[in-house]
């Protein structure tokens, strides 16, 4: 063994390669993991020995057979004997031996292939059970001690025992092992090209052992010591499987794993650190300190391992300082490996037991394992095929046999293939393989080959050309591709830009949304402050917003309120000055006379005729101080005599509240008058010093005073004391500067006690009196405005000693009610009801002149008519009931009161202060306070913007609307007091209103459709002698005709007459159930009224048209309903009797039939609890007035208001217009909450709710069924059940009738002349138009007098005196005499004509009376009337203003339709003065009223077309007043000419007034017959159309006059 064999027969390669040798054994690569065992050692306990069928050969180190391992140990022993333990080859072989020790006794489990490879040798010829090279995947579980068979720890110093423990019996002895290690070390050094030292050569040859090798092994510590030694390791990890720890082990140099450090600078292996300089060589160091010092001795820097593709396992459980294995230092490429210097042999090295790193993946072993598995599968398949059953099918058995033989041939085929390959390799020579050209033979070129070469060259050129073309094509394709890429790039860029743009837009949208939210938040905050009346905060937010419009509105409001405040101050100062002047004048007169007559309590001298003589005078006993008041006190007229009879008494001094002011107060006021800047003086009670509430000495009175002041601080503008105490000159505080507390009613009021809210109203009225102001008491209808007025009068009489006279102007219908209330509440007040005939009124004149009365009650008509009597009295107070009658500033009543009557204090009573427009409200305020509210245009300019229906340039938003409405509330609040029933009268039952939609009958639908489309009414043709063929009749005022059709089609007389013939009735009148079948509203009444009568509910039924009331009377007679009727023709004295009869507890009348205008004012009908409004009024307040006849104080039951409305008709439009007008009223009046106690927050919340309510949808247009109607009219469940049973009984009864008909008329029941298509109606209409134009003969007209026979005053007088028929007869006789006179004058003017010709003319005139062609001239008017008309028109045309400009210049002639087409589109009836003059010449006007109508129409057209405030608009208003004044002047001149006696004066006045009324009542000649028929109980058809119109006073607005005139046909038909 002189020559050391290289282990495993590998040939060492020279060079610096650090890689392993060519051995394919266990040294194929290092294991990177911490476990030195195989992968099988981590998969659980090792299985038992292999089966007997698979004997395993004896394995040596590294998994090799024992014989191979024996060959490897021979060189190791020789190296050990030669003393070469330091040789690298020795260490390498020793490492191989240690690696094999790790696998000893731990053979891998048999693979699945081993169980089936029965007798088949391995194709590779190696061991079939080589250890798997798979690294351990789990970290170490901690240090474990290796134990022997007895469980005792093994000593690492005994290698033989270690080897036997690890590998079983081994053939190597100790010397052989040393020699093997030396050979391994030598192999390593030779592989690196390093020279072998002598001792290593000797050790390799086995001559002597390596120095230090003998000492190395015994000194090695056991593996447990190194594993558990101290050190700051990273913590224990899960160790490898149950395999024992490896022995001392050192990897060969250059084959270290990735975690091994490089060798040191002295060539010492990593586990053997060099000796420190200057010290002798030491033996093996003991303890871990040497291990810790080992890495510090290497000067090279340690480089961490490079990461690999596999996850590295956790580090071993060895402290880093004690670990002999360090990370390798990666050698940079290109750097030659420097040979390490040899270590001196005598150097003692410290050897530490290394820990085996896990092996890496071995691809050879993986391949082997794959082969094993294939072999196993093949063997398994052969076994399956051999064991196939014999019953298999033939073809399957053949296939299985073929497969079995093929599998058995596999090994033979593999052996044959190997042999063929070996033979082929032997044929290959060494030189041929190295140099292929060495034996190449040169070839000669022949001619044939030259041609071939040429041909090939040509082919080559073609090929080159083809390649060139192909290259060019590729170039073009690349260009196209580039273009495509270019487009794609820019498309992507564009897409990115679009995305960016979208993102920017989204950002801005989000930003804008956020900004909008912020603005909305600020706006809500602003609205909140505005609603809370936080004016300071609101102004700050307005300044932040920079809203010029809102700031401008606030500025305007401040300026306007400041101006009004100043005007109120001036008004009060002027009133005070007047009072002073009057008192001074009276005092001077008394001083001049030198004697003082008897002075009454009011400071006036007393006489027998004084109006103060009947009032009690308060007296006091001088000694006892006893005061006598009321009935115990003496009368004023008997005061002196009573004082003589009762000595010791004298007149009691008047209190401060009773006196209007003493002389000292007058002097103080004179001194204070030149100082307007000072706040108004506080009352005596408020001038007291308010004590400090924090002080201890606060009396009970002072505490109560403090509480009152705190209570007044709650509201903003009603806290007068608080405002004055702060020195704030608020508008309301200035107006109501003087306050007086009223706790109870006057002692003169008896038979009842005022409610608390009525006491508050009285206090407000007294405050108006004390502050010299006038106001509007606008409590809702039914809250007792009459009682509060009587309380004011009695309070003034008792406490202020103002005994009158008081003028109270009321409607005629409520005059009796006022007299009744005075008799009940204040019987001691002397009242005069100024009404009746002229003789009766004249009887009151002496009493009026003497002044022996306190109150005068009269009507609007007598105020105008008897102004020469009533205006002579100086009234202390003027009170106008239903003050909204003065809503037109130009109405006659307002002008007469302003010009003729003297009354320093005025009061208006109205339940509806705002009915249609804001100028109406201004008219009321102007009448009350003309010095404060001067200009209507200014008032409208300030407050009309939110309510203007046309001409509004900019729509106001909600906030601006609230600001403007709030401005109006500020203006109105001092002068208007309004309380609602729901606020002040809690015990008043609820009022519920329902709108019940009614369907139309077939007759109504047909008539309505043609009237709506063409404006014509279908007839049967009888008026044209085409009876039964049908015809049409054109009617004016289509809306009125549509309303009549909706109410009842029989309101048209010819329709009822035709249907009476069609249905078989005689007399032209329809009776029975066909009365209600023709109208949807009547059919609904037929279902409702029996239920109401059965449950004892009294009904008020309001109608607009008197002819409809007549038809309704026929229906009531048919059903047997007891009823009462009240309309405009009912006398005043009869009205009271009707009310009394209806209100009696046991009255048999359960229906009261009233007209809305006549029966809607001042009537107390609280015994009824159901109100049915048959047809709605254009003015919603008329309907509200009508409802409140039942819903007023004294009502005990819940009130149901049922408003009937025909579905899809003009009535829905009327209802919508009424709602709009009510909406205006809500915004202005109700939202102001002028009730003296509502706080600002409540007012703002109410206004906000109104504005939000506008956005709600309207109700659906559907006709309710019986159940829904029953729910509307039933008050409780029992009534509802009863009504449902009644409906069921009614339907059963109708079903039993064999001749039953539908509830409403069907189309198949209509006559043929009604059912016409549109084309036929168009043809009939054209025929009628042609007849009108060309005059085909005269039509038969009924004898109806259309002239104005009586004025309204004459008619009222005749009604009151009961001489209507006689006066009408006289008028007819006068007309006939005038007519004969005109005829005689015409005959005398033509004396040459014969009598015969004159008789013929008269006959022709009589014939022409029946029907005249349109082209024929009208009969001439009286010359006096024509002269008046011309005079009036000329005066209006020539009128000039102060600058000399003629106002009527633009009104003379209108521009043509071509010049101004929009005027004719907007104005339906254009008229000018030229046309008016022409009509006067053609005698078109039959009275001054007709002329006035056209002049007013001209002015209204100008106001409609032109903007408000323009020059033409203002001129038209002036021309209206000029016309009125000129007409009055001319009428007065006529009146003065005929005054000869008082009787004649009365007659002449009534005669002249016949042409001064704006609305005429047309009396038909058949009235007498009608009255007789009604007395007899029968009814003639003309009676339905011969009712007179309700009385409409001429103080109504022009707009309502026109509506009433246009509706005259509806009430007369």
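Keep in mind that glycine also has a Cβ here, set from the backbone N, Cα and C atoms.
Of the candidates 266, 695, 1554, Swiss-Prot records phosphoserine for 695; the remaining residues carry no such annotation there, which does not rule it out for them. Residue with Swiss-Prot feature phosphoserine, selected from 157, 610, 935, 1058: 610. Swiss-Prot marks one residue of 146, 1377, 1388, 1552 as phosphoserine, namely 1552. Feature annotation from Swiss-Prot across 1389, 1397, 1541, 1606 places phosphoserine at 1541. From the options 877-880, 881-884, 885-888, the stretch Swiss-Prot describes as motif 'DEGH box' is 881-884.
Assigned with DSSP, the residues of the compositional bias 'Basic residues' (579-588) fall into helix, strand and coil as follows: 10 helix, 0 strand, 0 coil.
Using CA atoms as reference points, the binding-site residues 781, 782, 785 were checked against residue 1419 (phosphoserine), and the closest is 781.
Mean pLDDT, taken over the motif 'DEGH box' (881-884), works out to 79 on the 0 to 100 scale. In this view, residue 786 (ATP binding site) is surrounded by 21 other Cβ atoms within 10 Å of its Cβ, with every protein chain counted. Local packing around the binding-site residues 779, 780 was summarised as the count of other Cβ atoms within 10 Å of each Cβ; on this measure the leading residue is 779. Most other Cβ atoms within 10 A: among the binding-site residues 781, 783, that distinction falls to 783. Under DSSP, residue 785 (ATP binding site) is assigned to a helix (H, G or I) in the three-state scheme. Take the binding-site residues 782, 784: by the count of other Cβ atoms within 10 Å of each Cβ, the lowest one is 784.
For residue 1419 (phosphoserine), the count of additional Cβ atoms within 10 Å of its Cβ stands at 13 [all protein chains shown]. Residue 785 (ATP binding site) counts 23 other C-beta atoms within 10 Å of its own C-beta, drawing on all protein chains shown.
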